[in-house]
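Here is what Swiss-Prot records for this protein:
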SIGNAL    1-20  signal peptide
DOMAIN    21-148  domain 'Plastocyanin-like'
DISULFID  Cys23-Cys46  disulfide bond
BINDING   His66, Cys132, His137, Met141  Cu cation binding site
Amino acid sequence: MLRKLAAVSLLSLLSAPLLAAECSVDIQGNDQMQFNTNAITVDKSCKQFTVNLSHPGNLPKNVMGHNWVLSTAADMQGVVTDGMASGLDKDYLKPDDSRVIAHTKLIGSGEKDSVTFDVSKLKEGEQYMFFCTFPGHSALMKGTLTLK
């Protein structure tokens, strides 16, 4: 009886990490103006969520730079428009834009960047979009982020 109890306890402990919420995602932005995903789900049990962005392409950031920006769906176009006006030296983001929930820096070929944000900034039922603010990229490089 004790052996069975010990075996069940051990299996429970070993499977716990498999049931834990995934509180990060790895995303790539390539030279074809594409993210490798168009949907991210954030588990509401996560206190923080991390996005790891990489650029496996060959082009530099002044030609094919990518960033990862999160806002509400309603704010996306305004963030993109104001970002284009801000220019390359500001990573195509308006400084201190309150509509931006989280963002990485602009990266080019072979570069990486990460951003971690508090999940408490997200509201269940709100529509969120992630996108790239490099001029012209948001038409293709975008996706949804959902809190569940």
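Start at 1 and count along the chain as shown; that gives each residue its number.
Cβ coordinates are placed from backbone N, Cα and C, and glycine is handled just like the others.
Under DSSP, His66 (Cu cation binding site) is assigned to a strand (E or B) in the three-state scheme.
Neighbour count (other Cβ atoms within 10 Å of the Cβ, all protein chains): 29 for His66 (Cu cation binding site). When the Cα atoms are compared, Cys132 (Cu cation binding site) and Cys46 (disulfide bond) turn out to be 24 Å apart. Cβ neighbours of Met141 (Cu cation binding site) (same chain, under 8 Å, six or more residues apart in sequence): Gly29, Met33, Gln34, Phe35, His66, Phe131, Cys132, Phe134. On the 0 to 100 pLDDT scale, the model's mean across the domain 'Plastocyanin-like' (21-148) is 98. Classification of His137 (Cu cation binding site) by DSSP places it within a helix.
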